[in-house]
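K.L.:
This is the structure I have questions about; it appears just below.
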């Protein structure tokens, strides 16, 4: 194959500015001197007269030496050298100043040596070169088809060099795409005063069409920049609320100090500006984009663009943001992109995008919340959900700013709120623009609007241009222009409406006049027609009405878009698929499309994007390699989401086809004097397509130095062996092989070992080749190989197979077969499951055993999931077939049937039928010649295969009563117990002479029919007989089977059960009794009974699917019993009975409890007023389901503080007044009778939820910090003052108790609470009846705490008497 490169001499001249040096660095004086010196050196090198001048100078010098004879030789030489240096300096200085006059030196670039055209072999390298003159030194750019060649876009493909004035372009591994016109453009920049033969228009055009690899920097020069991205961010997946960073290292050459690149981030083509949600950072060599709180609005294609002047490079990758977990299971996902479309003094129109996930049930509508800037109080704006994704918000305070959020709602619950909108002020656009144009104080969240002092009153005129700008079923928006006649004071508006075809005008805003020339009307009857008009008002009065609008019908003007069409998936990478579709027809205000994917057969759909995408193409990432997926798309606009499109065709996720990887293990199979036979192994990676052939290259190796590669074959060879001819005897060669498929030729293999081309004369055979393994199972596999190319001096008579474990040493090979086997296959058995093995084969002839083949393996002995075997089938006509099914086929896979591992093609004895993923081989007339191993291989898979052995024992032959084809003279005698019997009503006899089948049919077997039956056949002179003994147990079993089959035949004449009554537990924990019926008609009835009592069924079954069911919800002990179902009509009846008592009921209850336990949600944590509640929901609860709780591995002992229970479907554990000791791991165990199911939660403070609970329950709950004593003893009449500190967030509520009864504050007992933190207890004059137990109870939503103290009041007299009585006692003790 030849490639032709046409290289015309095409140059483009671009002027160069005066203050720019060719290397792109600022033109300093030092650089000018260096450049001048280089110019002088080049001139001196090329000049031819300098030698003569030097000679003359030398002559003059010698004459001067003779005139100064008195001088020493040393002084003379020094003076001579000084004069030479001075002369040289003067010449160089003169040349330098001449150079400064650039007009005398500059000349346009021109080719000295032009690049020439080349014709090269495919896959060979080519080197193009040229030489260009010009001053200043020109710079070259190589082009391919007028497009600059970027060496970094095709690494390794192009090499561009410039050395010593010669410029090179090297193209590696040329292919047909390189057969184009290549241009090289020399150019330089001239000073403004240069006078050349340039066209002025060409001058400017060249500047505007400068290649992208050049840019103008702020320093005023043009330079070539190379921008590379390393450590790049890939396709990323995040979840709402998480943080994420995208980063990329940027390398820019040449590096220019004090000149930083412009780094920009784009999302879907829109520049990303730093905000509270996203921040950008540039560290000098790394660009980073950080999301502090991911939102679905952040999903999209992110592009990092690095710009140097006018040149930039960019890199892109997609970021996917998944929905956060819903607070309520089944609730929809949050809406997104909440935006304020229109704002004025009276209302703000909010729009949003619908979420992709509805939670499993349709979204009923949306709630909009508002919050005034500067506060954290949210209020709901609409009482009923709105379906349209736009809604006007009224009731705003003029001049104040608000933020908004939206929540979706379905029948299950409400979603988490969307991301808040940007703040918007309730102002008219004119006022907002006026305020923005004036400097103001720092923003406080509120704008104070003052109106001008009213002048002399003028009644305003009517508004103009009144129109309906938006109309939905929920609201109508009017817009108009203020009147021209309105005086100097502000005006307000009154809006009026009337039903069409009437003149009954009603004022809409009677109480609150409108200040803006726009207004939203609510509470209009959907479907009714209205007209509207507006009046102006000021202090002088109300003006005339405007012209009424046209009739407006209240309803959604915007229709829900139609479903997209033609969903086509195509392969992309190992984890992504490209999905294209036809856009929705006649769609208005289309927001975008949502794409969903589903694993085939799962029935579960997952969103591929959570932010609607525009266009008709999307790459779905994050898919599982090897899985089959289907896709569907729906469109979305403000009116809602369209119906789903039709499901796409299934596609397996794998990379699009590519060129195969290199073959390996190249070996020499046979060698002659002038040729060699090579063998190799198939590439490990086929590139996703079948390998169609191989190309072989060879090269000579002389003295250890390899030469150039040469092609051995022009046409690809399909086998994994090839004979290379026309080689040199005793020459050493190396070889390489490249595989080819539909995608093209792959990378060649590494050079093989060196082989010497010489005649093999050894007696033993060469190595077998082409080893491969198939039918890999956990204890066996099949190894196949091919005969050696070189058989030795005698033919090959057999093979030995060796094996070893992969980890074993090379001296641990062991033979599998003691005797040589003639076949080229062997089923290796007794392998250890999960162990990796390696195999090799040696050939045998009369001279001995040859050298081993290349090693096959390693291969692990395992049965892969989904492995299926060949199944043999015999139909009613005795036809035998082998059946095989494969669920892992690719679109290009095929079934290949083999007998004894030799492919069977167009065999007259077999018929192969294939449909979809199933294939069947049918034997036309099975006989002795058909015995053998039949295998089926599936191409383009990971070695899927199976086999089946047909031998004399395995062949299911026809009945012994069958004979070969009989002639017309053949006759049969039927003998029973040595007596001939003849055809009568009891015996029906038949002989088919074509098939040789002889039959005798008896409708019913009775006791007298026990005995021996013999068929005597006579055809001409040939006779034969066959005897069947039906005596004893054999006859009794046959009689029972015959009677059973007879009754079954009678039963099946009418309506009957094809499958009898059975039960199953549904996912909703209900019990479903079901049966399958057959031979039914419209008049057939089905009746259900329990314990012989009929069960009333609400719906009549139509029998369309042949399945009859009885659903029992919330199954419990009361549902135990005997169930029966009867099927009947005029042809008869059939019944099926199911026993659900004792062990059968116990088994069913175990399954029900198991399903209930599996339905339990993960443990949740709830803060209550009393403390903590851990809970889980089940579908429903039964007492048979045993519940137990443990804390840190120890069973919980229940008390008044720690309780467990069940409320409805909620299983809970209540911990009142929790303490730090209550932290730890909690486990809820659900025992279904056989298995224990666990749900766990950690209250150790790990995780966001637990941390919040810890803060709230162990930090924010109400507590008494101190200040109250345990006991207070006080004298009667004294004042008692107690103070204590409280804690809690929110601030706790307090109450006082005396002797367990509420205590109220009065003049005697004063109870106070200050700032929610300090409690005061005061008794002004203590009395004896004030003694008792007092309690302070503090409470907030996170807990309750009680602090007790006792007050003891004593009388002074009693104390004195008591002291007096104790004194004598002490005196007596002292004595």
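From the backbone N, Cα and C atoms, a Cβ is placed for every residue, glycine too.
All TrEMBL annotations are machine predictions without curation.
Per TrEMBL, the features are:
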type   : residues  : note
DOMAIN : 109-145   : domain 'Ig-like'
DOMAIN : 240-320   : domain 'Ig-like'
DOMAIN : 334-429   : domain 'Fibronectin type-III'
DOMAIN : 462-556   : domain 'Fibronectin type-III'
DOMAIN : 563-656   : domain 'Fibronectin type-III'
DOMAIN : 662-760   : domain 'Fibronectin type-III'
DOMAIN : 767-866   : domain 'Fibronectin type-III'
DOMAIN : 858-956   : domain 'Ig-like'
DOMAIN : 1055-1141 : domain 'Ig-like'
DOMAIN : 1274-1352 : domain 'Ig-like'
K.L.:
Please identify the stretch among 109-145, 240-320, 563-656, 1055-1141 with the greatest number of Cβ pairs below 8 Å relative to the domain 'Ig-like' (858-956).
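P.N.:
Counting Cβ pairs under 8 Å, the winner is 563-656.
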K.L.:
Would you mind splitting the domain 'Ig-like' (1274-1352) into helix, strand and coil residue counts from DSSP?
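P.N.:
Across the domain 'Ig-like' (1274-1352), the residues distribute as 3 helix, 50 strand, 26 coil.
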K.L.:
For the domain 'Ig-like' (1055-1141), DSSP counts of helix, strand and coil?
P.N.:
3 helix, 51 strand, 33 coil
K.L.:
With DSSP as the yardstick, break the domain 'Ig-like' (240-320) down into helix, strand and coil residue counts.
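P.N.:
Going by DSSP assignments, the domain 'Ig-like' (240-320) contains 3 helix, 48 strand, 30 coil.
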K.L.:
Over the span of the domain 'Fibronectin type-III' (462-556), count residues by DSSP class, listing helix, strand and coil in order.
P.N.:
0 helix, 43 strand, 52 coil
